[in-house]
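Listed features, source TrEMBL:
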- Tyr132: active site, proton donor/acceptor (ACT_SITE)
- Lys161: active site, schiff-base intermediate with substrate (ACT_SITE)
- Thr44, Val202: pyruvate binding site (BINDING)
- Thr43: site 'Part of a proton relay during catalysis' (SITE)
- Tyr106: site 'Part of a proton relay during catalysis' (SITE)
Amino acid sequence: MAKLMVALITPFTKEHEVDYPALRALIARLMAEGADGFIVCGTTAETPCLSEEERLQIVKFVLQETHHEIEIWFGCGTNCTADTLRAVHQVQQLPIDGVLLAAPYYNRPSQAGLYEHFACIAAHSSVNIMLYNIPSRTGVKLEAETIAKLITTCPNIVALKQACDDFAAVQKLKKEHPHFIIYSGEDGTIDEGMDAGMDGLVSVLGHVSLTKLKHFLCGNRKDNELRKELKQEATLLFQEPSPACVKYVLAQRGEIQNVLRLPMIEVQNEHLKKKLQATFIDK
């Protein structure tokens with residue numbers, strides 16, 4: 001059965017501090033609705049704007065609130081191999097299911113450099129690793145051949161979050177390595193991803209439409225109306241840089257404050273606010 005994990009936001013107070021009561025309530029609701037796991041301190045969490053201390057406090061808090069009932073993956077990738085390894089060592093003794101490591105951004109290493117980066121971290125850590133392929137944000141793409149080499153040489157590299165539309169690569173990897181877990185990182189192309197053989201979804205949309213997503217993934221993919229509705233919702237949530245739209249919706253529902261840390265800002269477009277209201281609040 002396909003898994004549905006939520007890429008957790010970080011709620012903030014009006015004073016821009018981490019809002020732990022709001023996070024507790026959000027976790028409880030998403031677990032009650034059937035979330036299979038959380039990605040903590042990933043892109044959606046505004047992680048570049050969290051301090052090292054805050055990131056550690058957040059993952060420990062999430063572990064405490066989830067009681068080991070669902071999967072917890074912690075995002076700690078950087079564009080420096082030594083720094084990433086230090087971050088991994090800080091959390092590998094925690095009862096997490098693994099770490100999520102994005103391809104190094106900004107310095108844009110070659111495929112050989114990407115291989116050495118991930119292989120070094122895998123060799124010097126004891127935790128499970130989920131690769132994160134998101135070229136739209138990192139500026140570099142993990143090619144299928146590089147991923148395949150990492151799978152065959154690094155036994156603790158166990159999963160991939162594929163946030164790009166290279167479905168041919170997914171098909172190739174699943175054919176050659178059927179036990180390797182691949183999650184879609186794109187709400188808007190989940191149907192195509194599942195057709196290519198992906199094992200589930202890491203979702204932003206799940207914050208606000210988890211029940212519908214779960215229904216779709218677990219046996220109702222032939223429901224054309226539901227497919228269309230979810231695709232429209234996913235498109236709408238990314239009209240402004242994420243997580244602005246999902247935070248707006250959650251704030252309108254009274255679950256969090258509509259606060260982001262600079263350079264991320266709240267939804268600006270008034271027409272978009274009305275569409276979000278009509279789609280996620282007024283229904």
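Backbone N, Cα and C define each Cβ position, glycine as well.
Known features from TrEMBL, placed on the structure.
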residue : record                                               : DSSP (3 states)
Thr43   : site 'Part of a proton relay during catalysis'       : helix
Tyr106  : site 'Part of a proton relay during catalysis'       : coil
Tyr132  : active site, proton donor/acceptor                   : strand
Lys161  : active site, schiff-base intermediate with substrate : strand
Val202  : pyruvate binding site                                : strand
Across all protein chains in the structure, which of the recorded positions Tyr106, Tyr132 has the highest Cβ count within 10 Å?
Tyr132
Lys161 (active site, schiff-base intermediate with substrate) and Val202 (pyruvate binding site), Cα-Cα, nearest whole angstrom:
7
In the chain carrying Lys161 (active site, schiff-base intermediate with substrate), residues 6 or more apart in sequence that have Cβ under 8 angstroms from it
Ile39, Leu100, Met130, Leu131, Tyr132, Asn133, Ile134, Tyr183, Ser184, Gly185, Val202
C-beta crowding around Val202 (pyruvate binding site), within 10 angstroms
29
Residues with Cβ closer than 8 Å to the Cβ of Thr44 (pyruvate binding site), same chain and 6+ apart in sequence?
Ala7, Leu8, Ile9, Val204, Ser242, Pro243, Val246
